[in-house]
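Trainee: I'd like to ask you about the structure that follows.
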Ligand code: 1PR
């Protein structure tokens with residue numbers, strides 16, 4: 001076997017490369033048209049936008065050789081955009097023709113009844129149940145991340161291609177196609193844990209060719225009352241150098257990560273300011289990442305929490321951590337910290353896109369932007385420019401354009417600002433939360449630099465601003481709840497959830513399994529993230545999922 005991977009240069013293909021290596025196979029990259037002649041097997045792991053894929057392939061002279069390869073009958077495996085590109089066109093970029101192998105076009109999800117992108121673990125339905133050499137496990141969930149899809153309709157000619165379907169909201173769409181030598185999935189097997197690795201392994205061991213093809217059963221798939229999308233449980237690792245210069249996983253209380261030299265609370269129970277002890281060390285980043293993957297985390301988030309002090313591009317130890325973690329973990333990996341336009345200590349300017357690119361090449365699937373998002377939205381709020389084009393492009397826009405909006409998470413670090421509800425007449429009065437029991441009222445202010453500096457931007461302004469700029473997901477931390485174990489701040493999470501149509505992740509304050517049940521029952525968030533209780537081994541991820549199951553909340557079960 002000579003396996004080639006096709007990288008058109010826009011996305012993170014490292015995850016797939018890591019999966020293939022994990023499965024014990026070697027591969028080469030397609031770099032010239034001639035490489036197609038040498039390939040016996042080809043995988044195209046496309047991410048990003050439809051047009052970038054087509055334009056980049058065209059610019060490299062690879063469209064015709066790819067078409068010839070597919071026509072030759074040798075096995076082709078497309079992933080995400082690598083599946084969509086097989087279709088005739090996409091409403092994402094109407095002027096860009098696809099390869100027209102499958103006679104249908106790609107459309108956009110309807111976002112009137114659900115958040116878009118469709119991000120997360122969803123179940124798939126095999127249309128043809130007799131035998132499945134492609135290795136789909138009907139009881140597994142697979143990881144999807146996309147805004148566009150091929151609608152499934154049994155009456156269309158393209159139905160003969162459809163291998164599995166998936167349902168999001170009330171829309172049933174094509175989860176995979178399989179015909180002759182062509183196999184392609186909308187979901188990411190390389191990010192779908194063991195079920196995904198099994199599927200890649202099955203394709204590599206038993207890739208279908210035209211000889212093995214047979215007639216497909218075409219049947220209609222009416223939408224079920226509820227889709228199969230599960231709530232995600234995310235483990236978060238705050239990473240920084242300790243006083244010896246080693247990268248460690250740390251964890252703060254209200255973002256203070258240093259050990260307290262004195263007892264942690266004052267006589268009135270309030271948290272004390274840091275007394276400047278050592279940086280808390282809860283373990284090694286790569287070891288913990290691997291443990292959380294094995295324990296069933298649906299996603300893992302690594303935050304370089306002091307990256308604002310240096311250029312992350314010069315932070316080779318952190319990039320090495322990302323690289324090593326990505327080799328061990330086959331669920332989505334989000335990396336944050338220092339993603340902004342910056343100037344290196346030697347005076348070299350670096351764009352946010354370059355910084356993100358370094359993280360993606362190291363193995364990140366998404367990047368998380370914190371401080372820079374606040375700065376950009378603040379500038380936008382203060383800008384008198386009416387036309388979008390009249391202002392320079394910022395990091396959120398440039399990364400979303402290059403890698404797709406689903407690759408851009410904005411991480412918000414808000415803090416409560418208490419006001420007197422009787423007299424407050426400030427700009428955030430429509431966003432005030434009132435506690436009827438205590439009579440207190442507050443709004444949520446955004447901060448930058450790990451909570452060190454508050455800015456005149458509310459959490460609602462930030463959420464709406466970054467959605468407009470192209471963020472694909474919002475991670476809502478809470479400085480007040482961080483490390484407290486008091487539960488998620490559902491008022492805060494609901495404010496953000498109701499302000500945007502993109503997925504929202506609740507973070508900060510988880511102290512027990514019931515807190516996860518509460519946040520999913522009391523808000524409409526797609527995911528919940530925790531750090532301290534997992535690091536201190538107070539609660540196992542499986543215990544969280546058991547509690548969700550007992551309360552009728554669907555989550556991914558490992559197969
Ligand atoms: O601003 O783009 O450089 O990104 C820096 C990133 O680092 C931001 O996402 C910011 O949230 C994070 N960060 C900065 N300083 C700290 C700190 O703790 N001193 N960590 C920090 C933020 C919050 C969560 C935490 C949850 C759950 N950590 O990551 O994991 O609060 O904790 P819990 O379950 O223990 O309550 P930029």
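Backbone N, Cα and C define each Cβ position, glycine as well.
Feature table excerpt (TrEMBL):
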- 80: active site, for GATase activity (ACT_SITE)
- 188: active site, for GATase activity (ACT_SITE)
- 190: active site, for GATase activity (ACT_SITE)
- 238: active site (ACT_SITE)
- 413: active site (ACT_SITE)
- 80: L-glutamine binding site (BINDING)
- 338, 477: substrate binding site (BINDING)
- 5-194: domain 'Glutamine amidotransferase' (DOMAIN)
Trainee: Can you tell me whether DSSP puts residue 238 (active site) in helix, strand or coil?
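Mentor: In three-state terms, residue 238 (active site) counts as strand.
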Trainee: Measure from each Cβ of the recorded positions 80, 190, 238, 413, 477 to the atoms of ligand 1 and list the residues where some distance is under 6 Å.
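Mentor: The recorded positions passing the 6 Å Cβ test are 238, 413, 477.
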Trainee: Select one residue from 80, 188: among these active-site residues, choose the one with the most other Cβ atoms within 10 Å of its Cβ.
Mentor: 80
Trainee: Tell me the Cβ neighbour count for residue 477 (substrate binding site), meaning other Cβ atoms within 10 Å of its Cβ, over all protein chains shown.
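Mentor: Neighbour count, Cβ to Cβ under the 10 Å cut-off: 27.
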Trainee: Express the distance between the Cα positions of residue 338 (substrate binding site) and residue 80 (active site, for GATase activity) as a whole number of Å.
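Mentor: Taking the Cα atoms only, residue 338 (substrate binding site) lies 28 Å from residue 80 (active site, for GATase activity).
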Trainee: Using C-alpha atoms only, work out the spacing between residue 477 (substrate binding site) and residue 188 (active site, for GATase activity) and round it to an integer in Å.
Mentor: 27
Trainee: How many Å lie between the Cα of residue 190 (active site, for GATase activity) and the Cα of residue 413 (active site)?
Mentor: 31
Trainee: For residue 238 (active site), identify the closest of the active-site residues 80, 188, 413, judging by Cα separation.
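Mentor: Nearest listed residue in space: 413.
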Trainee: At the level of the C-alpha atoms, what whole-angstrom distance separates residue 188 (active site, for GATase activity) and residue 80 (active site, for GATase activity)?
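Mentor: About 7 Å separate the Cα atoms of these two residues.
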Trainee: Over the domain 'Glutamine amidotransferase' (5-194), what does the predicted model average in pLDDT?
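Mentor: For the domain 'Glutamine amidotransferase' (5-194), the model's average pLDDT rounds to 91.
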Trainee: Round to a whole number and give the Cα-to-Cα distance in Å for the pair residue 413 (active site) and residue 80 (active site, for GATase activity).
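Mentor: Residue 413 (active site) and residue 80 (active site, for GATase activity) have their Cα atoms 32 Å apart.
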